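> Let me begin by handing over the structure; questions about it come next.
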Amino acid sequence: MPLFKLTGQGKQIDDAMRSFAEKVFASEVKDEGGRHEISPFDVDEICPISLHEMQAHIFHMENLSMDGRRKRRFQGRKTVNLSIPQSETSSTKLSHIEEFISSSPTYESVPDFQRVQITGDYASGVTVEDFEVVCKGLYRALCIREKYMQKSFQRFPKTPSKYLRNIDGEALVGNESFYPVFTPPPKKGEDPFRTEDLPANLGYHLKMKAGVIYIYPDEAAANRDEPKPYPYPNLDDFLDDMNFLLALIAQGPVKTYAHRRLKFLSSKFQVHQMLNEMDELKELKNNPHRDFYNCRKVDTHIHAAACMNQKHLLRFIKKSYHIDADRVVYSTKEKSLTLKELFAKLNMHPYDLTVDSLDVHAGRQTFQRFDKFNDKYNPVGASELRDLYLKTDNYINGEYFATIIKEVGADLVEAKYQHAEPRLSIYGRSPDEWNKLSSWFVCNRIYCPNMTWMIQVPRIYDVFRSKNFLPHFGKMLENIFLPVFEATINPQAHPDLSVFLKHITGFDSVDDESKHSGHMFSSKSPKPEEWTMENNPSYTYYAYYMYANITVLNSLRKERGMNTFLFRPHCGEAGALTHLMTAFMIADNISHGLNLKKSPVLQYLFFLAQIPIAMSPLSNNSLFLEYAKNPFLDFLQKGLMISLSTDDPMQFHFTKEPLMEEYAIAAQVFKLSTCDMCEVARNSVLQCGISHEEKAKFLGNNYLEEGPVGNDIRRTNVAQIRMAYRYETWCYELNLIAEGLKATE
């Protein structure tokens, strides 16, 4: 394998790299015999890195001849201090990287605490040559993510950007134009559904080409194929970057280095807790009017169709029967049925129902059975009741579902400090789905100050194609995105949809990840309009075309002064590691992320880029992974940016406050401290799609700054000692990469 290439040295990946990437993909998906290129084992003591083999390899490589000047340079850097280096007033001549490190903040608001200093930790058990390869690979991987995030107006943290620019020898230019835009909350007395201020029609022409919506000034420009200069993603560049990352996560030295750094991060946090736990607690005790109960926390991953608990649903069914027994609520091909007649048809009476007979709760029977889990969305096993109570498009125009959601929202408002981001479904089966959903939203006036909304797109093209609902995959993409583009260009012609889009913060991609498509996304893959087969495209195929259209859409909406959207897919709950690799490239944040424990390289990259992960241990416990084996605590200790979420309260929770139930169980099982829980709660607010104004209110005016400078303990109840530890540890790991690259100059 050739050495990894830096971005400035050309990005063309040769045939050997592509061939290697295909071999890695095949070995994982087809379960080839022998040793897998991507380790299927947890990153723990059982990680198959042979100690004797590694020691022998290092001993052999160290004895090989190497450039003396480079060796002396590395030897001179064998001591790396954990603490923030000297201040800007130092008279010592510094390199551009050292100048940045030394100008880090001095934390006037952080109490003194005990730090750990590591000496001789320059290459984490890999040879000098391997260390260079590792640093180049990690550097380019971070550059890849930064590129895709900025192009699509998604989030990439400032700190790694500073290190990347200093490695390039450039100054970081603070540019807030790359930030996503969320709709601010309505002012007092202002109608959140107002349509008076909708922008005028731009008159642009739209055309889908190769699965991506292209925007033209007019029809004549469309005929000449002269689109407006928006950042249309380049498929060849994406595939080259994807192949590079596939090769990177399978490289032995990179896996060894990442595995050792992750073990170091875990051990280091445990030492930090042992030394500073009481000092952190002292900070929190001295913080007036703030504790875990009254710091803001957001349910960053919850599905609207299951946002209520089972008792709430049962109570609503009985209440609706008491009030509307003689109301016509359901229609069949033969006749229309009243609510009383519908229950008679199902041979049941609402007053005889219990939470057990409702049978919507996931149990032992759903473990590793996603098909059985989906059946739990049908109360009493009856699809008629699901259509009536949990759907937006039915005979009564989704009135019951809207009422249930309003009641859940009222509970959140009553709790005051809890927020949620429910997902509503767009399937892509027909182009009028958006109009129906937005009409339901606006007509029922579904607004709650403690809720923001997301759109989930189920990956079920194969189902629609087998029933001949769609001619090809491109039509599904067109049904999903074209109405949104049209409403953005001409809001006044689509008032309901334009208002609805103001309340949407992102797109999610959902389905059972354990279903393998066996297809590797490559330059030979059919274009979406050519994908006429009944097989489902791969996860990466779905993700790329969703990202590509969101990127163009965000550029258009940003130009119009409208809110933009994030790409926040379900990822890593099951299935191949290529899902997580794709998310690292193009997703703002993900839900689940369990499979990160199987890839030390991806896990380390998620740490370096601080990619938010919404974890749902109770959901995983019923479907894929026992609670005690959940990597939540391991990820938290290492410093990954994780939050807690409920996923489906109807299936997994029992109480009126499912998010608090999730925190309470995690705190008991994992023995979390108050500071731990408040840190997770703060992460959830940073991860979510609520507006800048609300985040500034909940977290402090400086929340966009990283480290203790951006933490207001009076609002977050997170100790400044913890924030300083997290920031210094993060900078330490980024600095190792910078030092490794500097030594190769």
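In case you wondered, yes, glycine gets a Cβ from its N, Cα and C as well.
For reference, Swiss-Prot lists these features for the protein:
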type	residues	note
MOD_RES	Thr79	phosphothreonine
MOD_RES	Ser83	phosphoserine
MOD_RES	Tyr214	phosphotyrosine
BINDING	His301, His303, His570, Asp647	Zn(2+) binding site
BINDING	His303, Lys372, Phe373, Asn374, Asp375, Lys376, Tyr377, Glu573, Asp648, Pro649, Met650, Gln651	substrate binding site
MOD_RES	Ser439	phosphoserine
ACT_SITE	His592	active site, proton acceptor
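Explain the structural surroundings of these features, please.
Sequence-distant neighbours of Tyr214 (phosphotyrosine) (same chain, 6+ residues apart, CB-CB distance under 8 A): Leu206, Lys207, Met208, Ala222, Pro227, Tyr232, Val552.
Other C-beta atoms found within 10 angstroms of the C-beta of His303 (Zn(2+) binding site) number 21, with every protein chain shown included. In the three-state DSSP scheme, His303 (Zn(2+) binding site) falls into the strand class.
Met650 (substrate binding site) falls within a helical segment according to DSSP. Using a 10 Å Cβ-Cβ cutoff, Met650 (substrate binding site) registers 26 neighbours.
Cβ contacts within 10 Å of Ser439 (phosphoserine), excluding its own Cβ and spanning all protein chains shown: 18.
In the three-state DSSP scheme, His592 (active site, proton acceptor) falls into the strand class. In sequence order, His301, His570, Cys571, Gly572, Glu573, Ile613, Ala614, Met615, Ser616, Asn620 are the residues near His592 (active site, proton acceptor), counting only same-chain partners six or more apart with C-beta under 8 A.
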> In the structure shown, which of the binding-site residues His301, His570 has the fewest other Cβ atoms within 10 Å?
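Comparing Cβ neighbours within 10 Å for the binding-site residues His301, His570, His570 has the fewest.
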> To which of the binding-site residues Asp647, Asp648 does the lowest count of other Cβ atoms within 10 Å belong?
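Taking Asp647, Asp648 as the binding-site residues, the minimal 10 Å Cβ count falls on Asp648.
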> Do me a favour and check the Cα-Cα span between His303 (Zn(2+) binding site) and Met650 (substrate binding site); whole Å is fine.
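Checking the Cα atoms of His303 (Zn(2+) binding site) and Met650 (substrate binding site) gives a distance of 10 Å.
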> Within 8 Å of the Cβ centroid of the Zn(2+) site residues His301, His303, His570, Asp647, which other residues of the same chain have their Cβ?
Ile302, Arg423, Asp508, Val510, Ser591, His592, Ala614, Ser616, Ser619, Ser645, Asp648
> In whole Å, note down how far the CA of Asp647 (Zn(2+) binding site) lies from the CA of Ser439 (phosphoserine).
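Pair distance, Cα basis, whole Å: 26 Å.
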> Please classify the secondary structure at Ser439 (phosphoserine) using three-state DSSP.
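In the DSSP reduction, Ser439 (phosphoserine) maps to helix.
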